[in-house]
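The next block holds one structure in the form of structure tokens; read it before the comments.
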Amino acid sequence: MSKVLQMSTVNSLAFIHIPVLTQELIKGLDICPGGHYLDATVGGGGHSRQILETYGDVQVTAIDRDEVAIAAATTNLADYNTDRLTFWTGNFADYDPGNLKFDGIIADLGVSSPQLDSPERGFSFRLDAPLDMRMDRRQSTTAADIINSYSEIELANLFYNYGEERLSRQIAKQIVKQRPFFSTTELAEVISRSVPPKYRYGRIHPATRVFQGLRIAVNQELDSLESFLAKSPSWLKTNGIIGIISFHSLEDRIVKHQLRASPLLKVLTKKPIIPQSDEQAKNPRSRSAKLRLAQRKEQ
């Protein structure tokens, strides 16, 4: 057993992720008896469980690029028969269903709470950890590789384009001047010192957008999302529904554009569905979530 798989087994029980917009997603999917659904980002299995509980003969194909998530979902959904639940490990952009068609497809984008809260993953600047940020730890490129090898201009563009960081140039300049960096907290401290004092103690930590940009770059999240959204409408049966939950404007912009641009789809949500106030109060990380739905047209 590989080290990654060993770690997956050890950490799977700790992979507790509260799914967002669950009621709205299940209602929007209009789940049918005997239907087959694709959960393209299974995580801990929260959304898949809700789908499986709808009818006793519903099937789910669950995929995730994070082996820890797959291990967790396998454990959390162990009470469902294997003929109703199939797992696939990998990037949803690389998935090929062959001749299989789905009654519905869902994806819950971005980084999960367990990934953020696991120190060894290196996603959070609040926890001292190696600069990793890989969702799929089988891939080679880490956040440290990017921080320590990109030019100042490349880093500034990355922080601006993927993190929407307005102070990207001065942050990149200080990073290049003081690198190499190998830990999350070291990098966060330099970022904080790179910005004017009024930005250091604001509502948003000055490292937030830089870390978002790094994470997106490490995992090629936006490229993968565009590829997935280009392919997945053809995986739907006629009248099948796709539901995508995004967490920041870069993701939502891509989802909005590609659902509208697909000749196979009819958009069902003129405006994105957002969490109700009670869900936001119970799960603060849900506040930025947006759900968009579209349906496969009749041919």
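From the backbone N, Cα and C atoms, a Cβ is placed for every residue, glycine too.
A 10 Å cutoff on Cβ-Cβ distances gives F92 (S-adenosyl-L-methionine binding site) a total of 23 other Cβ atoms nearby, all chains included. Secondary structure at F92 (S-adenosyl-L-methionine binding site), as computed by DSSP, is helix. Annotation comment: Swiss-Prot describes G45, G46, H47, D64, F92, D108, Q115 as S-adenosyl-L-methionine binding site, evidence class sequence analysis.
As annotated by Swiss-Prot, compositional bias 'Basic residues' applies to 284-299.
The region 'Disordered' annotation in Swiss-Prot covers 275-299.
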Where the record names G45, G46, H47, D64, F92, D108, Q115 as binding S-adenosyl-L-methionine, the maximum Cα to Cα distance in Å:
18
Sort the residues of the compositional bias 'Basic residues' (284-299) into helix, strand and coil with DSSP and give the three counts.
3 helix, 7 strand, 6 coil
